[in-house]
Amino acid sequence: YRMRWRRSCKRLLILLLFLCMTIKLHLEFRLLNASRSENSYSPWWSNETLGHLRGMPKTKPVSNKPGVLRDVDRGIVWIGNSTEKVLSFEKKVQPDASISQDIKKYVNLRGNTSSKGVPLRNNTHPILSKSIPMMEQNQSYSNRRKLNSEKGEVKNASNEKLSHEKLKQVQNPVISTAKPKEEKPNKPKSIPKPASRISSKRSVAVKKGVSHDVDPEEVSLSPEDIEKMKKRLQVLNEAQTIYNEDRYGSFTENTTILLVQVHNRLENLRHLVESMKNTKGINETLVILSHDYFYQAMNDYVTNITDFRVMQMFFPFSIQLHPLTFPGRDPRDCSWNVKSGFQLLSPWPTFAILNTHGPLLFRIVQNRDLKCLNRDWPDTYGHYREASFTQIKHHWWWKIHRVFNELRITQNNYTGSVVFLEEDHYILPDLLHVLTMLKKEKRAKCPTCQVIALGNYNKMSPNVYKNNVEKGDWWVTKHNLGFVLDVRAWKELMKCRPQFCQFDDYNWDWTLTNIIQTCFKPRMSMVSLKFSRVIHVGSCGTHVKKRNCDVSNEVRTAKMRITSGKNWLFPKTLAWQNVYRSSGRVKRGNGGWGDFRDRMLCQAIWNGTATEETLQKLQSPEFKS
């Protein structure tokens, strides 16, 4: 009966999904037809998509007369019903001779067939068949404005229209190598700083959603102060001091470690420490705080904790210590959303588009005229690195290597477990109690499970989940808070460390999910609690920005949840379910990790060769892949 009920629900959900997609496509086509003469965004190119959160450029309408205009590296490729010509605006920028051959080979401009006479599938793109993104050189795009990073001009994208002169060029193309006369731009009302440089103020356009600005406090130190701080943090890292060891005894080989990644949110850290104080058995553990930002108020708070043993370690490759050079934001680097043009070529990846003028094959390529340092290393989506995002992945990779491989207390025969937390987490009082129970019962119930997941994002009442335990693939993105690894699981992960550094995703958890799905056969498995013992209370963080952030209100909500589930705390038995959950199909990365220097630093960390000398090599303009 239960299986029949599940099948019926699945069929109903599939039907609803099909209906919703049909309505969505219908509304999109209506929107496109209604806005044909206006500047518009592609409806499915959202500026706040989950995971990548990348802005997409606006599109410009093209004349309805025969022919299509394509911008090719500061030149123009004109394709009409029976003509194909290349217009170059500079003598030194000559179009690739192979372009026309590829066009002849793959594109029959007189009909909707390939050069071999095989009809192409009708993959008509409603936007690209009517309007073409006109990518101007070195321009950055955002939701509200278009910023020219070279001249510092701000123009309203909604007021841009093709001039009569450009329309004449489209209608009557002429091959010319002379540089056209440049129109004098209107004097801007205000001249902002170039997008590639560090902004001292938060962008006005970014009021909600992801922020692409570096925190000014992270780049406020003078070069002299930076050198002093590097030496100070190096001394602290080498000392590996454990506070309160005289009160609670020495660290042993089976002591549980709570490893917390900390940035600069002191209020969140206070609430996390408060929840730790209420956790039974916390004085038998060691809490290691891994910082990528140092300021005295937070350091004073940590060193004055007296309820459990504490150790600090400091990420040496942070933005604060390298504000104007890699791995920080180098002013010579490309702005994250500098766009590249369209180039008519045949190699992969290509897309067939059918419109009224016949099929076109094109691919997106980087702008050859970009002068920025990392122009050859965009990510999968054509964007460039953002230091504030890549730092998180570097920090996570560095801290796990340091804990398992470099700390003196864990180098020899460590048999304990490491619980992974972050500063915006709030733990329940019985976290260590259920961890002990799971470690004991896992040996008989699931001996092949390498990971224990104490946290998740389940939002329903604790009375629904009770103390149920399920088995399945290690789905890191759904269980990235409060998961537990031991030395055996760490050694398994080390087998796939090259994939971790190469996968194009700035999120460490999405990267882990990918290597679990692609590198391990069978996939690494886990046991997980349905009623989460770790609660996320940091909705205002890296990926989400709000006008009003109230951490105290989120903590109150978390405490209410704990109160509602008090009947299920400190259980005497756990209910193991006979269900194995798969982590699903492999998904493409969210980008942000295409820079060759990020991958080299990642490899240097796991090789144990990451030093200041390594960074100097990666910072050099002569550095080549």
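Cβ coordinates come from backbone N, Cα and C, glycine included.
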Range among 172-225, 226-279, 550-603 that TrEMBL annotates as coiled coil: 226-279
Per TrEMBL, the disulfide partner of C540, chosen from C519, C549: C549
TrEMBL annotation, disulfide partner among C449, C496 for C519: C496
Per TrEMBL, the disulfide partner of C446, chosen from C449, C501: C449
Shortest C-alpha distance to C501 (disulfide bond) - which of the binding-site residues R265, Q391, K393, H395: K393
Candidates H263, R265, K393, H536: member of the binding-site residues with the richest Cβ shell (10 Å): H263
Pairwise CA distance, H395 (substrate binding site) versus C540 (disulfide bond), rounded so that it is a whole Å: 20
Fewest Cβ neighbours within 10 Å, where candidates are the binding-site residues Q261, Q391: Q261
Residue, out of the disulfide-bonded residues C334, C372, C496, C540, whose Cβ gathers the largest set of other Cβ atoms within 10 Å: C334
Disulfide-bonded residues: C501, C602 - member with fewest neighbouring CB atoms within 10 Å: C501
Number of other Cβ atoms within 10 Å of the Cβ of C519 (disulfide bond) across all protein chains: 18
